[in-house]
Amino acid sequence: MYFDHFDSVSDRSDTRRGTIHFYNLLEYFDYSMGYIVRMPQMGMEMDRGEVVSWEYDEGETVEADEVIVVVESEKATNDVNARENGTIRRIIVEETEKVEPGTPIGILAAPDEDLSQFEDHIDASLVDGSDGGGADTGGNASGVEDGGNSASSSPASTTRSQSRPKSADVRASPGARQVAGENDVDLTTVEGSGPGGAITEGDVETHLENASETQSESRSGGSASDEPVRASPGARQLATEKGISLAAVDGTGPGGAITEGDVEAHLERDSGTAADVTRTVRETRELSTVQQTISDRLSESDRQAVHVTLNRSFSAETLRAVKTAAEQQDTDVSLTDLLLRSVGAQLETQPEFNALFEDGQHNLIEEVNVGVAVDVESGLLTPVVPTVSNKSVEAVADARRTLTRRALEGESTMDDLSGGTFTISNLGMFGVDDFDPIINPPEIAILGVGRIRDDGTMTLSLSFDHRVVNGADAARFLDGLVGTLTDSDALVEFFDADVPLTTAEPDLDDREIRIETDGDLAGRFRTAYGSVEFDEPEAIGGSGSAPSPVDHFLGSLGSCFSLMVRQLAAQNDVTVRSVTSDVVGSPDQGSLEEIDITLRVETDANLETVTELATKAERACYVARIVSDDVPIRLDVAELSS
């Protein structure tokens, strides 16, 4: 036989729990024909793994490199391949059972191989693993109970010989120990059906079912108070507080065990408050390993972090306009990609948010690795886009699409889901305006993204750990991020491709204008066909960098006259080669009091014909009629929350 190299197994550290597990190296010897299949270690934070499915049954032959079992950790699903040709001789851990890394889950060996050499090591492993199972229930779980003996006593036998072994000395799988501990079952009273008589999780469940039948028979034939009652610690505590005899309560837990809910239901029935109300369980759904991990982490976050959420609304038109401009250049990016890249830039500016809070320390991280929450069938996964601040938007989009596809197809690796320093959760596609996202520990902040509303605005919700950063820091973070998301020049700089700003316009209709100002007297108005800058002269506080709003009006008026001359000339079969309009408004500042328009028409027609065209053009010019007809203006004011 030979020794297979296992440096990551022989001395495996679990830094989160603060313990170091030393595994028996003899358990990793391979035999002449076959080996023990074990639960793999998938990531340093992995506590338990679940057997999702065995791809072969006991007795079936497999070839090297074929997938023999699929396992799931807290974060991902992995295939376990056969290291050599052989037969599945034993399935030790059944599907849906959860065990610690390194635990034997099966045996692969030749069809005629003696399994005793394997079973000896498996037996030792099961006994050594008793500490992890925590199933030694030899004492009373919660003190004296009405009619209750020791909570660990088997209902079928209330006395034990002093020489009977303790639960810790019984060979049982970790799953069996967990179920036994949860239901106050003494493992010394359970008959094992596993290798060498080891107790499996199924054996404990069978024992519970048999015990329930025995208890029912005993209650129907004698005084219930003389029989032991199996109940959860919570049920016992509540019954003691309310003065309730557990013998009078109907149990709905495993094997008829009484739960805290059963005691509450009993109290409601006695008080008459539940006379007309029933709650029938339609279906019980066990949490997957991923869902359980999410539940544990969110509970940890809620208990430990001091959650505070700030909301900031802003116009998303620039964001949408830049996306549209990129698409016109055949660059496929989403709003989420632009958000990701913008968040990366803000995290570089405020590195205190690109950090972890561990062991009471605020650790600022060099790399900006942003997780993106993805809704998958088994729960919520958060693939991590690495080094976001160093990537172009196109590279961010490629990485995000690849990670999302793998998550949706159940192919995420541990690397895909590890190393995050900040998280984005986008619920906008579900019509959500805003929400309070829960921080993903040990990160210190998470950004929630809402939908783009009908008025073009959207809301960002930043949840942060107030133990580490304060509200002013968070407000500055949102202000800087919104500043980037509303700055088309800044957004375009994130691209490798050339995205012309002239095409970066919102989806606007004809005669629909959106005006944006930059905080001073300058700004731009956007149309369905492009954007136009405006500014005021220096004399009244502007910078004189662009035409004033009055200049734009005069330009519109002159343009309208020129177009009308051409249109009327065409209708009257008059050939016009060019039309030039000079428009002068006076005075130079303030309200206009007079407008002079000079038309220069290049044509072979005589002056009388040209004058007639100009007179008709003046009457037909719809821009001029805006002034003369005193068109009503309706003004609606919408205040954006900060």
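Quick reminder: no glycine exception, Cβ is built from N, Cα and C everywhere.
TrEMBL: automatically predicted annotations, no manual curation.
According to TrEMBL, the domain 'Lipoyl-binding' annotation covers 34-109.
Taken from TrEMBL, the feature region 'Disordered' applies to 124-238.
Per TrEMBL, the feature compositional bias 'Gly residues' maps to 130-141.
Taken from TrEMBL, the feature compositional bias 'Low complexity' applies to 150-165.
Feature annotation from TrEMBL assigns domain 'Peripheral subunit-binding (PSBD)' to 171-208 (among others). According to DSSP, the secondary structure content of the domain 'Peripheral subunit-binding (PSBD)' (171-208) in residues is 23 helix, 2 strand, 13 coil.
Marked as compositional bias 'Polar residues' by TrEMBL: 211-223.
The domain 'Peripheral subunit-binding (PSBD)' annotation in TrEMBL covers 230-267 (among others).
Mapped onto DSSP classes, the domain 'Lipoyl-binding' (34-109) shows 0 helix, 38 strand, 38 coil. Secondary structure by DSSP for the domain 'Peripheral subunit-binding (PSBD)' (230-267): 24 helix, 2 strand, 12 coil. Within the model, the domain 'Peripheral subunit-binding (PSBD)' (230-267) carries an average pLDDT of 82.
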